[in-house]
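Asks: Please find one structure pasted underneath; my questions will follow.
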Amino acid sequence: MATNPGLFTEWPWKKLGNFKYLILAPWVAHGGYLAATKGWREVDLGYLLIFPSLLLRMIHNQVWITISRVQNARSRRQIVDRGIEFEQVDRERNWDDQILLSGILLYLGALYLPGGQHVPLWDTKGFLLIALLHAGPVEFLYYWFHRALHHHFLYTRYHSHHHASIVTEPITSVIHPFAELVAYELLFSIPMITCALSGSASILAFEIYVLYIDFMNNMGHCNFELVPNWLFKWFPPLKYLMYTPSFHSLHHTQFRTNYSLFMPFYDYIYNTMDKSSDTLYEKSLKGKEETVDVVHLTHLTSLQSIYHMRPGFAEYASKPYTSKWYMRMMWPVSWLSMVLTWTYGSLFTVERNIMKKLKMQSWAIPRYSFHYGLTWEKEAINNLIEKAICEAEKKGAKVVSLGLLNQAHNLNGNGELYLQKFPKLGVRLVDGTSLAAAVVVNSIPQGTDQVILAGNISKVARAVAVALCKKNVKVVMTNKQDYHFLKPNMPEDTAENFLFSKTATAKVWLIGEGLDASEQFKAQKGTKFIPYSQFPPRMVRKDSCTYSTTPAMAVPKALQNVHSCENWLPRRVMSAWRIAGMVHALEGWNEHECGDIVLDMEKVWSAALLHGFRPVAQV
């Protein structure tokens, strides 16, 4: 919201939530009815194409969001070297409201505006008229309206809402209070209304004009420079006719300069051009050397997870991942994205964070969880992980942390495979076992004297069992085969605390993958289930039982540019495996943690707390 909200700042359909799209339903239904009763030759084609054009605009905007987030995650040609947080994502969640508003105005114009009915597909005169009217009246009026919005009275009531985003994303361009955006829509409608009244309107001219506005708006609010210098050298006057992302970025950081819409011409005329515009453009275009201290390797999980990742849908990425029924309707797109991702076959950066002087990136292996269970994919996945490790070392990274199935024992032996292949590896490999186990151990309620360990036995499960037995907590297993497999790992002086029983009644269960529903229901009501695996249980009991998150910790405020959730975890909560890599680099530890190696749990836990990471229960 603006600092001092004025009249009509709220959008009229805000309370409808996701049902707001139904406001277009009457017109869409009416168009379908006309097409069914009158036939395609007699119906107004322009009227029917309004809804598809709105969908095209939404896809166009989403493409810009994805490109911008991927580029900024790599930090190349970044203009403002700052991150964004969840507050900005929440504020910019309603970016499609502007498209709904323009849709309403287009439908009203197609029905009631003289000359707005049965317009031809193309009219050259109308197209030229739109171009002239935009360059003249629209750009001129916008410039002075924009300057007026920066007057204290209007700024505090309306325009400050837009300027709350100092670091801009493409969708920042349309984040305004309702009244302000209505004024913009009326301003942009001047060329189209004039064309309609003069009888020179056309479907393609209108569509090109609207897409031009969206294109320039999105481009100008990217936080990286993408306009090549050769364009201005090839046609020098273009400098006055087209702005660049760095030009508009200065308006968001300096506030009192660079007011123009898309054409800097008026800033030159009225002497409001920021003197550093050219310098910032050249500097941003050159970019800077990409450096990274910590690389976290993750991968895609379910088919729908592609939308949840940071470059996907901003709204979904800012919330813990859950499977949405309506997202299943997009299965053709999901399968296509999977095929493209698998075919692309190269790592991609999904997130960039900074903590103190530590620069961190998350890289994704272009494979989904089910790929890790396919025998013929094993070699390809290991090659990709190996490539990531070599690339991280080349960039000067200190630590590579292995997340999710990238450290599976049956894949690479918890990373041991890479140490064997590169014995002189400079970057430290961290599987995060010590911190993950420490999180599990410290999640057990005080006073607990017995726990049940169930599910597939992993390196973390072994570390947890040993640590609890040393604390004189009895660890009971209900699977005899797993019990005998794990028994040799128990120190002799604590072996008496490691037991096998099919009738144990402990109120705390430590669970891993492979635990089916029937086993969970053997636990008594009120049981606390604490996962020790990277993935949450597929089924949870609906009675009085409680479930902890997968091993994770809340991150400190010092960790910046956190505006997406890590898989199913809450906001500003990250997996222990990921945090372990950060702590390893912050402490400057020089040993690996992979294969059978487990670092001192108490040392790692204390270091994590020292750097501001906190148990999730304390958030």
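The backbone N, Cα and C atoms fix where each Cβ goes, glycine too.
Straight from TrEMBL, here's the annotation block:
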type	residues	note
TRANSMEM	46-67	transmembrane segment
TRANSMEM	99-115	transmembrane segment
DOMAIN	136-272	domain 'Fatty acid hydroxylase'
TRANSMEM	186-212	transmembrane segment
TRANSMEM	329-350	transmembrane segment
DOMAIN	451-615	domain 'Very-long-chain aldehyde decarbonylase CER1-like C-terminal'
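Are these features on the surface or tucked inside, and what are their neighbours?
Replies: Cβ atoms under 8 Å from those of the transmembrane segment (46-67) belong to residues 24, 27-28, 31, 34-35, 95-96, 99-100, 102-103, 106-107, 110-111, 116-119, 169-171, 203, 206-207, 210-211, 214-215, 218-219, 222, 311-314 of the same chain, restricted to positions at least 6 beyond its ends.
Below 8 angstroms of C-beta separation, residues 13, 20-21, 23-24, 27, 44, 46-47, 50-51, 53-54, 57-58, 61, 181-182, 185, 189, 192-193, 195-199, 201, 210 of the same chain, each at least six residues beyond the ends of the transmembrane segment (99-115), sit close to that stretch.
Residues in the domain 'Fatty acid hydroxylase' (136-272) partition by DSSP class (helix H, G, I; strand E, B; coil) as 95 helix, 1 strand, 41 coil.
The list of residues near the transmembrane segment (186-212) in space but at least 6 beyond its ends in sequence, with Cβ under 8 angstroms from a Cβ of it, reads 45-46, 49, 53, 56-57, 60, 102, 105, 109, 113-116, 119-123, 125-127, 129-130, 133-134, 137-138, 141-142, 145.
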Asks: Can you tell me the mean pLDDT for the domain 'Very-long-chain aldehyde decarbonylase CER1-like C-terminal' (451-615)?
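Replies: A mean pLDDT of 92 is what the model gives the domain 'Very-long-chain aldehyde decarbonylase CER1-like C-terminal' (451-615).
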